[in-house]
């Protein structure tokens, strides 16, 4: 393992792997069962290493094309959506069946861009991912092709996977495609194209080198992967573009081997993200916690539970940034709250298992999840 790959890959704890239509299907549109089985084996093995795994899978439309007996990718939006509606069920059933052979539970998450742009829905999506990962579930993500017009007309799962990587604070995003990585020109048309093993910054030259190559069944070319790289690396995730024809691509990446093109995540992303939560957004209210909760938050990286809350100050809604004060009214943290001020006032000091009895419902055990919390003294 060389020093650069060791630095950026050796300690990854959470990865997002995106596979495209060209990797999952044959040119006929039918599913490539051999590649799917190999993919599942590697993802399962990665989880066995202790790495949390999220799969962003294209292929719903491609699978639907095969099932419906279509000769080529549909051109109209209703035809594409019909193929996606049929294909999504086929794809998930296939994944569930093969993952079960390795004893791995899976959960389907269908997202739209709106889910990741609306504050409350963004928070809900984030909490769903964290809950699944904590229970050892492998989330399988796709954009909801059956209903989202914009995705089918303009979008791609490369961008979606980068947004998911940012959403869950992934250490590494892996885009699996049908070429070895990034070249200085399109290798499909230029036999003298030179391979680029590492990209430390996405410059105009890198964008120009991406070109626009894409397959007949998919929507994402290299240009969309570079755009995904901008999103991922700016939020701190490193990214690798790799050829899915290599049967051990994921194992090789995690072992630090020279495979694919590595895009280096920006090292100051954590600080930047924490500064956003700590300083860029003014808290709309405060939560005062007891000494036990303060210790759990500051020293043990725990979530804030209602039992440790003494009182609240101000009026705020679910999904807003609030200030957390200790019993001496000293500010110790900022966080994104799962409950509004009225709800917290009702459940403060109570065990989480009593939330439903008090409110009539329980959306979360935590008032603020540890992943949505920044300890100010750590900045």
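Backbone N, Cα and C atoms are what each Cβ position is placed from, and that goes for glycine too.
For reference, Swiss-Prot has these:
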type	residues	note
BINDING	18, 177, 178, 219, 220, 221, 222, 223, 224, 225	ATP binding site
BINDING	58, 145, 157	substrate binding site
DOMAIN	284-362	domain 'PUA'
Exercise. Judged by the number of other CB atoms within 10 angstroms, which among 145, 178 is the least packed of the binding-site residues?
Worked result: 178
Exercise. Taking each of 18, 178, 222, 224 in turn, which of these binding-site residues have a Cα lying within 10 angstroms of the Cα of residue 58 (substrate binding site)?
Worked result: 18
Exercise. In Å, rounded, how far does the Cα of residue 18 (ATP binding site) sit from the Cα of residue 157 (substrate binding site)?
Worked result: 8
For this session: Between any two of 58, 145, 157, the residues recorded as binding substrate, what is the biggest Cα to Cα distance in Å?
Result: 10
Exercise. Cβ-Cβ under 8 Å from residue 224 (ATP binding site), same chain, 6 or more residues apart: which ones?
Worked result: 156, 158, 159
For this session: Provide the three-state secondary structure of residue 222 (ATP binding site) computed with DSSP.
Result: helix
For this session: State the count of C-beta atoms found within 10 angstroms of the C-beta of residue 222 (ATP binding site), not counting that atom itself.
Result: 24
Problem set entry | Averaged pLDDT, computed only over the residues in the domain 'PUA' (284-362) | 96
Seminar exercise, completed: Neighbouring CB atoms within 10 angstroms of the CB of residue 157 (substrate binding site), all protein chains considered, total 28
For this session: Would you kindly give the Cα-Cα distance separating residue 157 (substrate binding site) and residue 178 (ATP binding site), rounded to the nearest Å?
Result: 15
For this session: Helix, strand, coil: count each for the residues of the domain 'PUA' (284-362), based on DSSP.
Result: 28 helix, 21 strand, 30 coil
For this session: In whole Å, note down how far the CA of residue 222 (ATP binding site) lies from the CA of residue 157 (substrate binding site).
Result: 12
Seminar exercise, completed: Between the C-alpha atoms of residue 145 (substrate binding site) and residue 222 (ATP binding site), the distance in angstrom, to the nearest integer, is 21
Exercise. If you run the three-state DSSP split on residue 58 (substrate binding site), which class comes out?
Worked result: coil
